[in-house]
Amino acid sequence: MNEHPSPDRPAAELLVIGSVNEDRFTFVERFPLPGETVTALAGRRGLGGKGANQAVAAARAGVRVALVAKTGTDAAGAEAIAALTAFGVRTEAVERDARAATGTASIAVDARGENWVIVDAGANARLDVDDLERALALTVTAPVVLTQGEVPAATIAQAAHGAAAAGSRFVLNLAPVVDLPDEVLALADPLVVNEHEAAAVAASRGSGAREPAELLDALASVSRSVVITLGAAGAIAVRDGETWSVPGFPAQAVVDTTGAGDCFVGSLCALLTRGAELPDAMVWASAAASLSVARPGAAESYPTVDEIDRLVVTAGATA
């Protein structure tokens, strides 16, 4: 973290350490039953991966973002880096690895906008501690560091400890859930999970909690703060024993829910870099996610800062 920003290259406000995928979408009227074949209505490819998506969401929200990631040397990797650059994400710390293909996500989207996703990690699984150390040498310390569960556990742990040593805020989106030491989870501020992920983390600690409020109580002591996203219902959170909730914003139309959770996380971090309190950041992130589901795709569906501000003001929403 030893590079000094120049006037024409200011320091990143958010450092994202995460995955980059090629998303392969198939649109169907309904999902097939086991053993059944259905005909696709359409198909397309685009930028994906939780790291890439969250970096784009934050960049669209007006934050200077640098991404630490790994792709293959294939065409998909080149296209992903070009797309990230076009969205305004700094990619000098995205390494291309000839030993693995760029990660892929096979995504089916039905007529209701719901989806199922199968991910092949590819080069993402090769983002190791040594890669992270080399990448961090390319950038100065960012005030907020974000990572997710789509990179190796050792890399997540190194990111957490590196952020703590630098005095940066560490945000962990534990999606998918991976086994991490308690001391790593304890550094997250916040830990962001959906209901399914929250239940998995709670179960790993011997809790059978299932309802959102019960899950929040079960996870309250795991991290410095915890946010549980509830889809269209918004999100709930706890910090220092205080709990609160934020509403979901009604979507004009649900076209595609792919990447909505990533939009929430990236937008949340964008507000945190600006010094917003967690409840206010959650409101803004909830608005961003609701706008994203009205458009097809993941990163390309994410709203601009003006669109988010307009929705929040119009709705008059508060935590």
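Including glycine, each Cβ sits where the backbone N, Cα and C put it.
Marked as domain 'Carbohydrate kinase PfkB' by TrEMBL: 13-304.
The substrate binding site annotation in TrEMBL covers Asn21, Glu22, Asp23, Gly49, Lys50, Gly51, Ala52, Asn53, Glu150, Asp262. For Lys50 (substrate binding site), the count of additional Cβ atoms within 10 Å of its Cβ stands at 30 [all protein chains shown].
DSSP assigns Gly234 (ATP binding site) to coil in the three-state reduction, outside any helix or strand. Gly234 (ATP binding site) counts 21 other C-beta atoms within 10 Å of its own C-beta, drawing on all protein chains shown. Residues annotated as ATP binding site in TrEMBL: Asn194, Thr229, Leu230, Gly231, Ala232, Ala233, Gly234, Gly261, Asp262.
Summarising the environment of Ser301 (K(+) binding site), the number of other Cβ atoms within 10 Å of its Cβ, over all protein chains shown, is 24. Look at Ser301 (K(+) binding site): DSSP puts it in a helix. According to TrEMBL, the feature K(+) binding site maps to Asp256, Thr258, Ser292, Arg295, Gly297, Ser301.
Feature annotation from TrEMBL assigns active site, proton acceptor to Asp262. Secondary structure from DSSP puts Asp262 (ATP binding site) in a helix. A C-beta separation below 8 Å, combined with a sequence spacing of at least six in one chain, links Asp262 (ATP binding site) to Lys50, Asn53, Gln54, Ala57, Asn173, Ala298.
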Inset, instruction - Starting from the Cα of Asp23 (substrate binding site), work out which of the binding-site residues (Ser292, Arg295, Gly297, Ser301) are within 10 Å. - result: Gly297
Legend entry - Secondary structure of Asp23 (substrate binding site) (DSSP, helix/strand/coil): strand
Inset, instruction - Other Cβ atoms within 10 Å is the metric here; tell me which of the binding-site residues Ala52, Leu230, Ala232 scores highest. - result: Ala52
Legend entry - For the domain 'Carbohydrate kinase PfkB' (13-304), the mean pLDDT of the predicted model: 93
Inset, instruction - Specify the secondary structure state of Ala52 (substrate binding site) as given by DSSP, simplified to three classes. - result: helix
Legend entry - Cβ-Cβ distance under 8 Å to Asn194 (ATP binding site), same chain, at least six residues away: Ala175, Ile228, Thr229, Leu230, Gly231, Gly261
Inset, instruction - Just give me the nearest neighbour of Ser292 (K(+) binding site) among the binding-site residues Asn21, Ala52, Ala232, Gly234, Cα to Cα. - result: Ala232
